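Asks: Here it is: the structure, laid out below.
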Amino acid sequence: MLLPILLHFLLLITQLNGSPAEVRLINDLMSGYVREERPTLDSSKPVVVSLGVFLQQIINLSEKEEQLEVNAWLKFQWRDENLRWEPTAYENVTDLRHPPDALWTPDILLYNSVDSEFDSSYKVNLVNYHTGNINWMPPGIFKVSCKLDIYWFPFDEQVCYFKFGSWTYTRDKIQLEKGDFDFSEFIPNGEWIIIDYRTNITVKQYECCPEQYEDITFTLHLRRRTLYYSFNLIAPVLLTMILVILGFTVSPETCEKVGLQISVSLAICIFLTIMSELTPQTSEAVPLLGVFFHTCNFISVLATSFTVYVQSFHFRNQHVHERMDFWMRFILLEWSPWLLRMKMPDRENNFQTLTESWKGRNRRESMARTAFEYADGPVTQIHSMGIMLKDNFEELIYQVKQEKIADEKGIERLRVLQKIYDHVKMIREHDDDNDEDSRVALEWRFAAIVVDRLCLLAFSLLIVVVSIIIALRAPYLFA
């Protein structure tokens, strides 16, 4: 019973102690090894360090904070002359694993890191080969600053880079070499496409130090996918702008005509607020999408102003406003209706009448009578009676003055005629005023309809032109 337990305990001790050859090899290598010493036999020569990046995933590119966050593996390779051995002397052991704090490692950091810990890589073991070559592949979540150009947002392309370099070793101590910029394990991002990448090494001398330092930069050229923004921002605004056009088809008598235009302006302001939350607070450039939204908002405000103007036309009358002058009448009641194939009730509107009206522009009345004129009826009879009474009354006055005859019957007759004349004159003037009021009101209402039709065409054309200009300015539309 005790024998199996004892054998299991001895086997466990053997596993914990590891291979005797590896233990002996580690002891031999670490004997006299100084971690702070550069691993080179000739101290005048630099240690050649190769650095590569295996990009796994683009986690986020924050436009608001101008930061790029990725998941990547770094691959460091260098040769440690103090860690070589002959495998046959150690039972053909060809490689060892060491913790990173046990061996010399280059103090290479990510210069443009914005992570709170600055160095966010995970400290994995180093692989030591018998030739002295060291492989070290620490994974990490790297967050770097990335200056964004938001002018073409959301049809934009951004260039971000990862700048690595030694913090203390100068160029004559560490020489950097380009490693692989690998995307074999890359997980595609839903918002960004990698269209180009490159690696370059630069030598720079800083003001703090007289020596030269090398750094290696891995650059990513990204292009934004536009489907999300086109579907959730651009398309709704275009549909909202259709309401601006449809607002001019509503009758000017409807009070909700102005309310519809104001609602459209408020809706566009909401989209502007959403866009401002997506872009950084910068005064260097205005995003293309912002230009489009502001233009649509301006068009909406302009449409609201014209709608108010149209309604003021519709409710005008002779008692409050003056009659149209010749140019307004010619443009709104003759030329524009002829151009738009519109016709005022009971009025001919063709090229001939347009020409005649233009030729008679110096006359005060250059338009034909409307449907409110009466050919025969009580009004005409009263008007004729007023003229007849006026003539008779003036003739009697003349006779009285000439003959100087003023008996009581004549005077009474004159008084009766005076009263009849005054009443008929009042009725005639009242009817003329009503007739004139109706004609003037009809002209203003027709002018309001004409302006509405002109705005319908003008704003439709304006929205189409603005949309085409914005689309042509974009570097690309679909990605």
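Our numbering is plain: 1 for the first residue shown, then up by one each step along the chain.
Any Cβ shown, glycine's included, is placed from N, Cα and C.
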Asks: Looking at Swiss-Prot, is Tyr309 on the same side of the membrane as Thr254?
Replies: yes
Asks: Which residue from Asn17, Asn92 is recorded in Swiss-Prot as N-linked glycosylation site?
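Replies: Of the listed residues, Swiss-Prot records N-linked glycosylation site for Asn92.
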Asks: Where's the emptiest Cβ shell within 10 Å among the disulfide-bonded residues Cys146, Cys160, Cys208, Cys209?
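Replies: Least crowded of the disulfide-bonded residues Cys146, Cys160, Cys208, Cys209, by Cβ count within 10 Å, is Cys208.
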Asks: Can you tell me the mean pLDDT for the topological domain 'Extracellular' (475-479)?
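Replies: Mean pLDDT across the topological domain 'Extracellular' (475-479) comes out at 72.
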Asks: Just counting, how many other CB atoms are there within 10 A of the CB of Asn200 (N-linked glycosylation site)?
Replies: 11
Asks: Cα distance, Cys146 (disulfide bond) to Asn92 (N-linked glycosylation site), nearest Å?
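Replies: With the alpha carbons as reference points, the distance is 49 Å.
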Asks: Given a Cβ distance threshold of under 8 angstroms, which distant residues of the chain, six or more beyond its ends, lie next to the transmembrane segment (258-278)?
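Replies: Here the qualifying positions are 63-64, 153, 233, 236-237, 240-241, 243-244, 247, 250, 287, 289-290, 293-294, 296-297, 300-301, 303-304, 307-308, 311.
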Asks: Given a Cβ distance threshold of under 8 angstroms, which distant residues of the chain, six or more beyond its ends, lie next to the topological domain 'Extracellular' (279-285)?
Replies: 63-66, 148-151, 153
Asks: Is it possible to list how many residues within the topological domain 'Cytoplasmic' (252-257) are helical, extended or coil according to DSSP?
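Replies: Counting residues by DSSP class gives 2 helix, 0 strand, 4 coil.
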Asks: Which one of these glycosylation sites has the most other Cβ atoms within 10 Å of its own Cβ: Asn60, Asn92?
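Replies: Of Asn60, Asn92, the one with the most crowded Cβ is Asn60.
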